[in-house]
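Visitor: Below, the features straight out of TrEMBL:
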type	residues	note
DOMAIN	1-97	domain 'Palmitoyltransferase DHHC'
TRANSMEM	21-47	transmembrane segment
TRANSMEM	59-81	transmembrane segment
Amino acid sequence: MDHHCPWLLDTCIGLRNYKAFVLFLLYTCSFCMLCLDTLVRACLALWPDDPEVMVEIPLLWIALLALTLLLSLALIPFFLYHVYLISVNMTTLENMEGVSQVRLQDTQAPSSSHSQLTRLIKRPDEHREARDPKLNVYNVGLCGNWAAVFGPQWQWCWAPCGKLDTRFL
């Protein structure tokens with residue numbers, strides 16, 4: 001699971017619908033930018049060359065401009081955050097919690113002596129794991145990370161459908 005999203009039908013965003021979620025963010029951000037561009041151009045077209053002439057810009061246009069600007073300021077950083085998460089192959093929960101992956105410190109099997117086994121049982125964290133906050137064992141490189149989310153066939157990457165790439169699971 002990546003995160004729970006109350007705005008999209010109160011569902012959890014995860015492995016099977018993450019591509020559709022990221023594409024939803026991309027298309028929504030693109031539409032917001034298109035609306036902003038259209039509204040700003042329309043307002044500028046109504047603006048007179050003479051600064052003393054008052055012009056009435058429709059109130060609905062101003063409301064739409066404010067709403068679109070507000071949505072853009074919220075969604076574009078959120079989309080860029082998910083672009084970053086895909087690039088490093090992390091989930092939102094891993095990134096927000098600062099969860100580091102576990103790397104084995106002692107790869108040798110313990111000997112069968114009773115004292116060593118007792119020591120490992122009593123203090124397993126001392127010998128078993130070392131946390132490295134920069135280690136991400138799931139990061140398979142930029143192209144591999146993007147292929148894991150959007151699929152191996154790049155011609156279908158912009159469609160919110162397609163076969164899930166399970167090579168890196």
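Glycine is no exception: its Cβ is also placed from the backbone N, Cα and C atoms.
Map these features onto the structure and tell me what's around them.
Guide: Same-chain residues lying 6 or more positions outside the transmembrane segment (21-47) and placing a CB less than 8 Å from one of its CB atoms are 2, 5, 8, 13, 55, 57, 61, 64-65, 68-69, 71-72, 75-76, 78-79, 82-83, 86, 149, 158, 160.
Sequence-distant neighbours of the transmembrane segment (59-81) (same chain, 6+ residues past either end, Cβ-Cβ under 8 Å): 22, 25-26, 28-29, 32-33, 35-36, 39-40, 42-43.
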Visitor: Which numbers of helix, strand and coil residues does DSSP report for the domain 'Palmitoyltransferase DHHC' (1-97)?
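Guide: Residue counts for the domain 'Palmitoyltransferase DHHC' (1-97) by secondary structure: 65 helix, 6 strand, 26 coil.
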